[in-house]
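Among the features that TrEMBL reports, signal peptide is placed at 1-15. According to TrEMBL, the feature domain 'Ig-like' maps to 47-158. If you look up TrEMBL, you'll see 165-260, 266-355 marked as domain 'Link'. Positions annotated as disulfide bond by TrEMBL: CYS211-CYS232, CYS310-CYS331.
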Amino acid sequence: LLLLLEATLLWLASGSYHPFRNGFYYNHVMNDEGTEQEKVVYFNEARLVVETPKDPIYSSSGANVTLSCRYHYEPDLEAKRKIRIKWSKLRDDYTKEQDVLVAIGKIYMAFGDFKGRAHLHQTDRREASLVITDVRLQDDGKYRCEVIDGLEDESDVVDLRLQGVVFPYQPPRGQYRLNFHEAERVCQEQGAVLANFNQLFQAWSEGLDWCNAGWLADGTVQYPIRQPRKPCGGVHLAPGIRSYGPRHRHLHRFDAFCFSSALRGEVFYLDRPAGMTLEEAKQSCLDAGAEIAHVGQLYSAWKFLGLDRCNAGWLADGSIRYPIAKPRANCGPAEPGVRSFGFPSKGRFGVFCYKER
């Protein structure tokens, strides 16, 4: 029996059946004249309805979140079979959906990165909500809640969005040196992931203006412009997100737009009267029971904790930056932001460290 159940769960996860509404009706049937027409034929004279929130659900890295999903019948009736539930994550690039969890009754199986972090929340017999614990950056996106009752199959989508910050990133080698896979890697090295379009659009609406094109998670290349100007698409184009569309993931090279969420620790600044080299800075953080901060951690501390420091410091990638929440004289431009001095080959500076709570 256990093997049969496991096989059934794996069959559900494989997506071998139609993953969307089969409507429990035939879309095209023959009428009495023998011609085809639209007609709905319900198998049990009741319609299965699946409902999820229409507004996005917001969470942050490290938190727990519940993606609500409920179902009912119209007209109301009791299910005669055990209901099967499948949750899947829709990918940004529209490739095959990622399996999250499948369940029959109260028995469920989670898959991939969701093992140990995903389970069903069922306070009553008509609930199929998904709980994700210890939310990760890559969990941001759209999720499909699918309910299967025999031949009847309905689904709806819920949008999980992480509260975070988008930042453009160039490697030490300079502008436009990253293919898609390298862009994914450098964002991960900075405690972040490649941003998706919704995240970039949100950052643009909050004031991000950046004239260099960068990779997004779906393999497109885009950049946000608040102040139209000649080198950035022309002065006659309206403000917005400029797009190069999908690009070859191995051959084409651009910068990256990375996304980082709230921190589970703190970023703090250390300095010495004579400053420090990069290696000395790393050791100073270790001596303080911390580690040298990544770029994404500095941006998150600036965005969510209001970190404001008009002193430049080393970060793990070898760059020199400082965060300004309250612009003032001698601390860079008039707008808040994280200032950068690039990647100096020599010099002595302070350091930004990160320590988990």
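Each Cβ is built from the backbone N, Cα and C atoms, and glycine gets one as well.
Bear in mind that the values here come from a model prediction, so they are computed numbers and not experimental data.
The structure, with features from TrEMBL marked on it.
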residue	record	Cβ within 10 Å
CYS211	disulfide bond	14
CYS232	disulfide bond	19
CYS310	disulfide bond	15
CYS331	disulfide bond	15
Where DSSP helix means H, G or I and strand means E or B, what are the helix, strand and coil counts for the domain 'Ig-like' (47-158)?
6 helix, 59 strand, 47 coil
Looking only at the domain 'Ig-like' (47-158), what is the model's average confidence as pLDDT?
91
CYS211 (disulfide bond) and CYS331 (disulfide bond), distance between Cα atoms, whole Å:
22
Taking just the CA atoms, what is the gap between CYS211 (disulfide bond) and CYS310 (disulfide bond) in Å?
25
For the domain 'Link' (266-355), how many residues does DSSP put in helix, in strand and in coil?
21 helix, 26 strand, 43 coil
How do the residues of the domain 'Link' (165-260) split into helix, strand and coil according to DSSP?
22 helix, 30 strand, 44 coil
Take the C-alpha atoms of CYS310 (disulfide bond) and CYS232 (disulfide bond) and report the distance between them in angstrom, rounded.
30
